[in-house]
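Here is the structure we will look at.
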Amino acid sequence: MGRVMVMLFIAFVFVCGVSQVRSDGSDHHYKEGDVVPLYANKVGPFHNPSETYRYFDLPFCSPDHVKEKKEALGEVLNGDRLVSAPYKLEFLRDKDSDLVCKKTLTKEQVSNFRAAVNKDYYFQMYYDDLPIWGFIGKVDKEGKDPSDYKYYLYKHIHFDIFYNKDRVIEINVRTDPNALVDLTEDKEVDVEFLYTVKWKETNTPFEKRMDKYSQSSSLPHHLEIHWFSIINSCVTVLLLTGFLATILMRVLKNDFVKYAHDEEDAEDQEETGWKYIHGDVFRYPKYKSLFAAALGSGTQLFTLTIFIFILALVGVFYPYNRGALFTALVVIYALTSGIAGYTATSFYCQLEGANWVRNLLLTGCLFCGPLFLTFCFLNTVAIAYTATAALPFGTIVVIVLIWTLVTSPLLVLGGIAGKNSKAEFQAPCRTTKYPREIPPLPWYRGAIPQMAMAGFLPFSAIYIELYYIFASVWGHRIYTIYSILFIVFIILLIVTAFITVALTYFQLAAEDHEWWWRSFLCGGSTGLFIYAYCLYYYYARSDMSGFMQTSFFFGYMACICYGFFLMLGAVGFRAALLFVRHIYRSIKCE
C-alpha cells in the first residue's frame, strides 16, 4: 500500500507539472520588443464544444513556417492543437492597423467561411498561456427569410494587452464591427486582414492573473443557486436519514423483542420475517465472478474520484487547464488498477470462487472494455470529420503503453495479493444446504421498481449541481467551486447508502433473500437517472446539433454514467452488507 501511495504522489507532481498549456519554456518575464508566444489553437461551432477543428482548416492568413507546439497528453485528449499564429505581438509594442496579409478568397474558400459564420464559429488562441477567443464573423438576419440573410467575416482584430512591469497580466480580443467582408455571394473576394495592438499598465499581480476566469462561477447569484442546491440536498438527506433511522430503529427493535419472545416461548409457529431466512441470507449470489468484478471496478472508480477531488481542492484544475483533468484521470486510473484487482479477487475467493484468473480478466475489461469500444467508434467519427478530437496515432500508442505497462501489471499484482489474503467471508449465520423458496411478491417489490425508487432520491439531491457540471463539460461555462461539488458528492454517497439499506431491509422482511445483486443494482441506479437527465439536457437546455456532437455527448456520457453505476453500486452493496451482518449478529441463529 505504501508503494501505491508513493506512486500516486509522483502522479500528483506529474499532473501538476506537465499538463498546463505552456509557452516554450518561458519564465513569463519579457523585455521591450521580446516576442511573446502566441498560439492559435482551434476553431469550431460555439454550441458544439466537442466539434473543433485546426485553426488553419479555415483559410486564414498562415505564417511562412507553421510551427506546431509540443503538447502534453492531457492537452491532446482535450482536443488542443496549438500552432504558431500569424500575428506578431511583441512586448510593449503598440500597433495600429498592421497588415497580416492580403488574400484573394476563392469561391470555395468564401463558401467555407460562410458555412463557418453560419454555425457561429469561434476561434481560441493562447498568448503567454492566457486563453483568448472571439467569433470569426456574424450573420445579419434583417430579412425574415434565410435566403435574405447576410454573412460577414471580421477582418480586423484588436488586441488589448495589460502588463505589470515585465509580465503579461491580461489580454482581451475585440473584432472591429465596421471592418467586414461580405461573404453572402459565391464569388472571389479580396481581403486585407489587419490587427491592432494596444498595451496598458495594470496593478494586478502576476499570481492573480487567472482569477478573472474563475470569477464567473463565483458571482453572488451563482453562489446563491449553489448554496440553495446544497441546502436542498442537506434537507433531503436529513429528512431521509432521520426518517429511515427512526423507522428502522423502531421496526428492528420490535423485531428483536418479537424474536427474543418467540425463542422464549419456543412454540411451533409459522415462521415469518427476516429472521427466518437466516439460513439463506448469506447464500452466495449467482454470477459471483461478475459480481466480484463489478465490486472491484466500482471500488477503483470510487478511489479515483476521491483522488480527483483532492487534486481539485488543492487547486490543480484551475480554469483553462483542462488538460490537467484528462492527464489526472489517465494516470490515476492506471495507478489505482491494483485496488480493483485486490478487491475483486479477494472478494471472489471469499465467495469460494475457483477461477480467479478469469475473474481478474473480467475485472480488467468490465469498465475499460465498453470505454475502449466507445472510444474506437467516436474516434472514427472524429477522423471522418477531421476534427481535433481525433487522437493522433502516437497518443493512442502512449495510452496503450500505459495500459500495458502500468494498468495491467498493477491489476495482476493486486489480484495475486487478493488471492493470497486468505480472508474468509464473515457470515454470522450458517447457510442451509437447500435454498428456501421465495414467496410470491407484488410487482412493486421487483428489481426495476425498486431501482427506480432507489435512484430517484440520490438524483434529486444532485440534479441542481448537475446542470452546472454539464454546462462546464459540454459548454463554455467555467466551473471552479469544487468544495461545493465535494459536499454534494458526500451527500450523494450518504443518500445512496441509506436508501439501499432501507430497501434491503424491506426485501428481507418480505422473505426475499436474494439481496446481493439487488443492493448493487439499487445503489447504482442513480447512474441511469443521470443518463436520463442527459436526454433532457441535450434537448431542453443545450443547442448542440450534428451527428458528431450528438454521438460524442451520448457516447461519453454513457461511459461516465456506467462508471457512476459501478461506483455507487459498490457503495450501496457495502452499506447493505454492513447492515445485514449487523442485524443477524444481534439475534441468535441456530
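Cβ from N, Cα, C; glycine included.
The signal peptide annotation in TrEMBL covers 1-23.
TrEMBL lists 225-248 (among others) with the feature transmembrane segment. Long-range contacts of the transmembrane segment (225-248) within the same chain, counting only residues at least 6 positions beyond its ends with a Cβ under 8 Å from a Cβ of the stretch, are 457, 460-462, 464-465, 468, 481, 484, 487-488, 491, 494-495, 498-499, 501-502, 505.
The transmembrane segment annotation in TrEMBL covers 290-318 (among others).
The transmembrane segment feature in TrEMBL is assigned to 324-348 (among others). Tertiary proximity for the transmembrane segment (324-348) is limited to same-chain residues at least six positions away from its ends with a CB under 8 Å from its CB atoms, namely 4, 7-8, 11, 14-16, 18-20, 72-74, 77-78, 288-289, 292-293, 295-297, 299-300, 303-304, 307-308, 311, 316-317, 356, 359-360, 362-364, 399, 402-403, 406-408, 410-419, 421, 423.
Annotation comment: TrEMBL describes 360-385 (among others) as transmembrane segment.
Under 8 Å from some Cβ of the transmembrane segment (391-413) lie the Cβ atoms of residues 73, 76-77, 330-331, 333-335, 337-338, 340-341, 360, 363-364, 368, 379, 382, all in the same chain and six or more residues away from its ends. What TrEMBL records for 391-413 (among others) is transmembrane segment.
The transmembrane segment annotation in TrEMBL covers 451-470 (among others). Non-local neighbours of the transmembrane segment (451-470) in the same chain are 217, 225-226, 228-229, 232-233, 236-237, 240, 477, 479, 484-485, 488, 491-492, 495-496, 499-500, 503, 521-523, 525-530, 533-534, 537, 541-542, 568, 572; each lies 6+ residues outside the stretch with a CB under 8 Å from one of its CB atoms.
Long-range contacts of the transmembrane segment (482-508) within the same chain: residues 226-227, 229-230, 233-234, 236-237, 240-241, 244, 247-248, 251-252, 274, 277, 281, 305, 309, 312-313, 317, 445, 450, 453-454, 457-458, 461-462, 465, 469, 515, 518-519, 522-523, 526, 568, 571-576, 579-580, 583, each at least 6 residues beyond the stretch ends and with a Cβ under 8 Å from a Cβ of the stretch. What TrEMBL records for 482-508 (among others) is transmembrane segment.
Taken from TrEMBL, the feature transmembrane segment covers 520-540 (among others). Away from its own ends, the transmembrane segment (520-540) comes close to residues 291, 294-295, 298, 447, 450-456, 458-459, 462-463, 466-467, 470, 474, 492, 496-497, 499-500, 503-504, 550, 553-554, 557-558, 560-573, 575-576 of its chain (Cβ-Cβ under 8 Å, at least six residues beyond either end).
If you look up TrEMBL, you'll see 552-580 (among others) marked as transmembrane segment.
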_Other parts of the chain folded back onto the transmembrane segment (552-580), taken as Cβ under 8 Å at six or more residues beyond its ends_ = 50-51, 281-282, 294-295, 297-299, 301-302, 305, 366-367, 370-371, 374, 377-378, 381-382, 389, 454, 458, 474, 492-493, 496-501, 504-505, 508, 515-516, 519-528, 530-531, 534, 538, 544
